[in-house]
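Colleague: Next up is a structure, given as structure tokens.
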């Protein structure tokens with residue numbers, strides 16, 4: 001990509017940018033921000049001013065105005081009274097259900113529910129739509145194809161048939177929508193008209209027709225598309241995409257997984273480069289032992305590399321707390337000491353400690369887990385640091401008795417030593433346990449967003465803990481590593 005993104009570059013990356021900025025609520029600039037993530041993952045380099053200009057053009061606003069929310073609250077509540085479900089889109093972005101609920105409650109329309117139907121509907125603000133949801137909520141369709149797309153969602157095959165007679169190009173999204181919606185009649189119509197069954201997704205976060213059908217668990221549709229030549233191993237879309245098999249595995253649909261495997265699906269297809277999952281990682285993340293075994297029997301690699309934003313199979317299983325599943329994976333050869341991802345990553349033992357799961361921690365230690373595995377570079381924790389951060393004194397003692405390094409250095413970004421983590425949590429008993437174990441009260445903080453133990457206690461306003469640390473020799477003159485520390 002050139003140094004200056006073109007209009008096409010911006011449009012093709014719009015969904016990825018929306019995902020980071022609105023869905024994940026990331027900052028625009030700084031470590032882990034939208035600009036850094038887009039540059040690192042996509043080579044997409046633009047200035048802050050350019051981003052802000054396109055945010056304005058696309059209507060990417062994290063905080064909507066009072067007028068807009070009052071309209072949305074009124075409209076949704078009125079539709080609710082008429083027994084209609086509602087989906088809300090504001091300036092091109094779907095509003096999450098929880099945010100919608102909070103805003104409606106905040107503007108008081110639920111209290112006025114009996115009177116809403118008699119009130120006149122206010123004027124619709126620009127860029128706002130309230131509509132009945134279908135099983136597919138997509139905003140990736142070009143404006144000129146909106147009518148055709150809507151009819152595809154509603155299953156109006158006759159409308160689409162007429163349009164097919166009057167135009168040569170059918171937007172790929174119409175076919176992909178029909179497949180995901182389960183509209184067999186329309187899919188057959190489009191296939192007969194010569195649509196390419198393997199049309200690639202229109203945008204960064206899109207799906208092929210087969211992937212969409214797999215997401216919905218529609219076995220009949222999957223079989224129709226496979227019979228028409230659908231590529232069972234079409235790669236996933238970037239960021240959060242899934243192959244058809246990965247999607248079926250994530251949904252826990254064993255029957256569909258078997259159909260896809262029988263059709264030649266690659267059980268070890270790599271995950272999407274952002275936050276993807278292999279089929280086995282997806283099954284483990286859901287805690288589905290039966291499906292995990294099916295995939296292992298089909299040759300799934302128990303140590304397949306995760307995406308940058310993913311986890312190994314064992315790390316994912318540990319977070320479910322399912323010891324039986326962990327045992328199955330260890331028996332299959334899972335690496336108990338596989339390295340974590342760079343951002344927020346945890347080894348299996350670190351994850352178990354973070355969950356405060358004493359039984360699982362001991363189980364992994366018995367399996368040879370490295371108690372002093374270093375933390376991930378960004379936001380990482382050793383097992384002891386994770387347990388201290390959660391304030392679990394008993395688990396901290398277990399780890400210390402097993403040889404955990406009480407003074408292991410913190411992660412580079414927002415890291416904490418065990419003592420710094422305990423001080424931040426405010427657990428005086430735990431702080432004393434760590435001091436008695438030889439914790440360095442003046443250990444330097446992490447380079448970025450770090451704090452000494454004394455700074456952490458002072459930040460919380462815990463005067464009693466501050467006194468304990470001062471009595472232990474804490475240096476009041478030590479500065480944080482940066483102004484945000």
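Here, residue 1 is simply the first one shown, and the rest follow in order.
Yeah, the Cβs are placed from backbone N, Cα and C, and that goes for glycine too.
It should be emphasised that the depicted structure is a prediction, and the values quoted were computed from it without experimental measurement.
So TrEMBL lists these for the protein:
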type	residues	note
DOMAIN	7-62	domain 'Clr5'
REPEAT	170-202	repeat 'ANK'
REPEAT	205-237	repeat 'ANK'
REPEAT	240-272	repeat 'ANK'
REPEAT	275-307	repeat 'ANK'
REPEAT	309-341	repeat 'ANK'
REPEAT	344-376	repeat 'ANK'
REPEAT	379-411	repeat 'ANK'
REPEAT	414-446	repeat 'ANK'
REPEAT	449-481	repeat 'ANK'
Colleague: What same-chain residues lie close to the repeat 'ANK' (240-272): Cβ under 8 Å, and 6 or more beyond its ends?
Modeller: 19, 201, 205-208, 210-211, 213-215, 217, 219, 222-223, 226, 232-234, 278-283, 285-286, 288, 290-291, 294-295, 298-301, 304-307, 310
Colleague: Could you tell me what the rest of the chain brings near the repeat 'ANK' (414-446), counting residues at least six beyond its ends with Cβ under 8 Å?
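Modeller: Cβ under 8 Å, 6 or more out: 375, 378-382, 384-385, 387-391, 393, 396-397, 400, 404, 406-408, 452-457, 459-460, 462, 464-465, 468-469, 472-475, 478, 480-481, 485.
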Colleague: DSSP-wise, what's the residue breakdown of the repeat 'ANK' (309-341) into helix, strand and coil?
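Modeller: For the repeat 'ANK' (309-341), the helix, strand and coil counts are 17 helix, 0 strand, 16 coil.
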